[in-house]
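Engineer: First the structure, then my questions, so here it is.
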């Protein structure tokens with residue numbers, strides 16, 4: 001999860017920055033992730049440093065995402081949409097982190113309950129597993145959103161929305177665009193057909209001999 005969150009932070013931070021800043025930030029971020037991983041494996045038995053590192057990365061991602069929304073999105077409706085998606089992703093992160101803490105604090109009690117309940121329902125109490133699943137979902141939501149915010153051109157949604165768990169749906173916009181294109185195509189085709197038919201009728205009328 002540290003690596004996934006770091007990737008999102010990297011994309012959100014180096015967007016439209018100079019090459020020198022990008023190289024420096026990339027080096028610092030990569031070095032920090034490698035150092036954190038080594039320290040966590042060798043010395044961080046109680047996971048405290050790992051938890052703090054993840055929280056710092058998460059807060060930085062949220063901060064950078066908010067900055068991108070402010071600087072890249074001009075329409076108020078689009079800003080509200082992205083703000084709601086940010087709140088959703090942050091909430092999922094929060095639930096995941098809470099389950100992780102509960103799993104560490106009440107590990108023995110949860111294990112006892114799981115043995116009493118048995119499969120398949122005992123998997124609901126696998127809080128550490130849910131931590132990974134929910135964190136992956138939240139990370140994906142921010143990946144999609146940051147990807148849109150750092151795409152080329154203006155960030156405009158034209159009434160489209162994000163469908164769960166973060167994929168933007170353009171159905172409404174696409175439907176309107178298809179209707180417009182179909183209308184133009186049908187109008188153009190009908191105009192040509194009617195014009196041709198009327199022209200043929202008029203020419204035929206002039207060419208008929210009267211007896």
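Glycine is no exception: its Cβ is also placed from the backbone N, Cα and C atoms.
Remember, predicted model here, so these are calculated numbers, not experimental data.
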Engineer: Could you tell me which of the ranges 21-43, 44-66 is annotated in TrEMBL as transmembrane segment?
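Structural biologist: Checked against TrEMBL: transmembrane segment maps to 21-43.
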Engineer: If TrEMBL is the reference, give me the range from 110-128, 129-147 marked as transmembrane segment.
Structural biologist: 129-147
Engineer: Which one of 81-100, 161-180 shows up in TrEMBL as transmembrane segment?
Structural biologist: 81-100
Engineer: Six or more residues beyond either end and a Cβ under 8 Å away: which residues meet both conditions relative to the transmembrane segment (21-43)?
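Structural biologist: Counting only partners 6 or more residues beyond its ends, the transmembrane segment (21-43) has Cβ contacts under 8 Å with 2-3, 6, 9-10, 13-14, 49-50, 53.
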Engineer: Enter the number of other CB atoms within 10 angstroms of the CB of residue 132 (Zn(2+) binding site).
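Structural biologist: The Cβ of residue 132 (Zn(2+) binding site) has 14 Cβ neighbours within 10 Å.
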